[in-house]
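Only one structure is covered here, and it is reproduced in the block below.
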Amino acid sequence: MSTLLEVSGVSVTFDGFRAINNLSIQIAEPELRAVIGPNGAGKTTFMDIVTGKTKPDEGRIVFGDRGDSILGMSESQIAQAGIGRKFQKPTVFEAQTVRENIAMALKNPRGPFDVLLSRKADNSETRIREISDEIGLTDALDFQSGALSHGQKQWLEIGMLLAQDPRLLLVDEPAAGMTPAEREHTTELLKRAAKTRAVVVVEHDMEFVRRLNCKVTVLHEGSVLAEGSLDHVTQNQDVIDVYLGR
Amino acid sequence: MKKTFIARNPSALWFLAALAIFTILVTVLSESVGAGIISTSFLKTLGKTLCLCLVAIAMDVVWGYCGILSLGHFAFFGIGGYAIGMWLMYARTEGIVVTSLQSNPLPSTPQEITDAIGTQIFGVVGSSEFPALWAFSQSLPLQLLAVVLVPGLLALVFGWLAFRSRVTGVYLSILTQAMTLALSLYFFQNDTGLRGNNGLSGLQNIPGLEDRSQATVSLWFFWASAAALAMGYILFAYVVSGKFGSVIRAIRDNEARVRFLGYHVEHYKLFVFTITAMVAGIAGALYYPQAGIINPAEIAPIASIYLAVWVAIGGRGRLYGAVIGATVVSLLSSWFTGGSAPNINLGFYEIRWTDWWLVLLGVSFVLVTLFLPKGIGGLFDALVRKPDVDRQGDYGPDKGAWRDEEGAPE
Ligand SMILES: Nc1ncnc2c1ncn2[C@@H]1O[C@H](COP(=O)(O)OP(=O)(O)OP(=O)(O)O)[C@@H](O)[C@H]1O
Ligand SMILES: [Mg+2]
């Protein structure tokens, strides 16, 4: 187990409001990590920073074996380096079919000429099948993804994340809009992915987090309040005060 | 591969068939080989319309598919026209000059010939020197290369600067307008060496084809335009289908999300911007020999806006929509502004269409935008496609998480 992502001393200010305050987190590979915390704690902003969407005011973020800083990289370079993300609100391309969405995400060369001239890679149809089976959308492959329910869009975005085959998966509230059975399936899926990769899951549903059975980081006001097993952090008085006890 | 291409683009097959039938029909009715029902001047109008269709599908790819509202693509069209026009003027003037100098007792030196050509071409702007821009004008192959390379290079540089700084939306549109305005002002100057506001003229006379009648030459240009449109259609149908099409439509709908999938959005935009500019250059190079004259007013900002209007009226995001829009609007436009449309006398005021056509066009544009957002081409959906679903899912079970407020895309 080696460190894949190292965030140290990162701060972000929005119009004078400190959304992330001297935050330091390390994620190993492979690892499954749950990040919890009250609304506005900065969980999504943390993912925004790691994926290059938001530039931090200060701090250091390094990723990968060579410890490259991601601060100078664009969003697409970061994604190509192996950081994939599922958004809190599922954002799939609604005007396109489920198949097209997955195909776009599949790990293949990303340049315009590669894509224009690519004869379909031999395995891509198989891969699409595997993924759609995994996310239960095989029957919907040729549907416009705008027609899917909220939960199905969540699945589709998880499927796109798997298709990208990243080293680090940032998964923001995957279980919202899912039935209990689907939540269980999501747990299984994330646990399996975390066998070979680093997976960071943000979730409010404590039952869900418990089933993940992994190390938990509690964020509050933009910095780490507590870290450890779920039982450990839930007994922490600070955590009870700001999060669990509300 | 061919089969799957057709299978993926059934409309391309229909379009090509319709274009072929149209071309045959026009040929059969033309003056030079057929029944003579279609006059040569109308044949030229039809040929020009095909060129406008070609630039319109390019516009559709860049705007309708990739979401870049370029209001400067007519500049590329004009550059194509100028590039071919320079050779046409040079070669034809050379022919005339050489013939007239043959009557001299002494054979003329090459320098004398060049000077005489220069005086002929640039006399109108009080000059006889060949400007640097004309360096290759005696070579048809080089000017043909310029037809694609100059628009392509300009688009590449402009696009690189604009897309790299992530200029999007209305700011990009304004920038492209500025580009075409600057270019047209530059061409207007006599010093530029493109004959200022006189532009290039006599382009309908093709060097080497002097013994052919305009009826014949026009038919050839009509065929060439039809062939170019067919090839352009196939090219763009290929570009917008498959995974590349999927990526550029995704960029149009949510470019930030595409970045998180690892695609360099700027490269895609640059590719689309440049290739459409090159096709626009080809369209212009076929258009202006049929029009006979090109001047800087052709690439005024309004021309590119018309282009967007055609595509919007025809229906963006579908290639045949752009063709419909360009055909309908440009033919109607020449009908109304050509004085063929009967004026309407209201007693107290007479509506003269030459003056009111633009008002009519503006009103139709607003009406189409309001009531037919998918344009005329959208009417075909009723025939073939299932209606688009636009379902906004709810935000999941637990209300406590502020999802509605925080869940905005991006
Ligand atoms: N672009 C922005 N501009 C201004 N404020 C922002 C921006 N993004 C986030 N914030 C603020 O930063 C704080 C942290 O937001 P963030 O979305 O990271 O919280 P969260 O932990 O994901 O909450 P939730 O559990 O509700 O999703 C919030 O107070 C939010 O209002
Ligand atoms: Mg959040």
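Count begins at 1; order follows the chain as displayed.
The backbone N, Cα and C atoms fix where each Cβ goes, glycine too.
In TrEMBL, annotation is done automatically, which means it is predicted and not curated.
Sequence-distant contacts of the transmembrane segment (B:46-66), counting only residues of its own chain at least 6 positions beyond either end whose CB sits under 8 Å from a CB of the stretch, comprise 26, 38, 73-74, 77, 218, 221-222, 225-226, 228-229, 232-233, 236, 239-240, 245, 248-249, 251-252, 268-269, 272-273, 276-277, 279-280, 282-284, 286-287, 290-291, 307-308, 310-311, 314, 316-319, 321-323, 325-327, 330-331. Residues or ranges marked as transmembrane segment by TrEMBL: B:46-66 (among others).
The transmembrane segment annotation in TrEMBL covers B:73-90 (among others).
Residues 72, 75-76, 79-80, 83-84, 86-87, 91, 172, 175-176, 179, 265-266, 269-270, 273-278, 280-282, 284-285 of the same chain sit 6 or more residues outside the transmembrane segment (B:140-163) yet have a Cβ under 8 Å from a Cβ within it. Under the heading transmembrane segment, TrEMBL lists B:140-163 (among others).
Per TrEMBL, transmembrane segment is recorded for B:170-188 (among others).
Per TrEMBL, the feature transmembrane segment maps to B:220-240 (among others).
Marked as transmembrane segment by TrEMBL: B:268-287 (among others).
Sequence-distant neighbours of the transmembrane segment (B:293-312) (same chain, 6+ residues past either end, Cβ-Cβ under 8 Å): 52, 55-56, 59-60, 63-64, 69-75, 77-79, 81-82, 85, 176-177, 180-181, 183-185, 187-188, 194, 196-203, 321-322, 325-326, 329-330, 361, 365, 368-369, 375. Look at TrEMBL and you will find B:293-312 (among others) tagged as transmembrane segment.
Sequence annotations record features per position, and here TrEMBL assigns transmembrane segment to B:319-336 (among others). Panel annotation: around the transmembrane segment (B:319-336), residues 11-12, 14-15, 45, 48-49, 52-53, 55-57, 59-61, 64, 229, 233, 236-237, 240, 306, 309-313, 353-354, 357, 360-361, 374-378, 380 of the same chain, lying at least six beyond its termini, place a Cβ under 8 Å from a Cβ of the stretch.
Residues annotated as transmembrane segment in TrEMBL: B:356-376 (among others).
Look at TrEMBL and you will find B:390-410 tagged as region 'Disordered'.
Comparison of B:220-240, B:268-287, B:356-376 by number of C-beta pairs under 8 angstroms to the transmembrane segment (B:73-90) places B:268-287 first. Through the fold, the transmembrane segment (B:268-287) approaches residues 47-48, 51-52, 54-55, 57-59, 61-62, 65-66, 68, 70, 73-74, 76-81, 83-84, 144, 147-152, 154-156, 158-160, 163, 221, 224-225, 228, 232, 235-236, 239, 247-248, 251 of its own chain, all at least 6 residues removed from its boundaries and within a Cβ separation under 8 Å.
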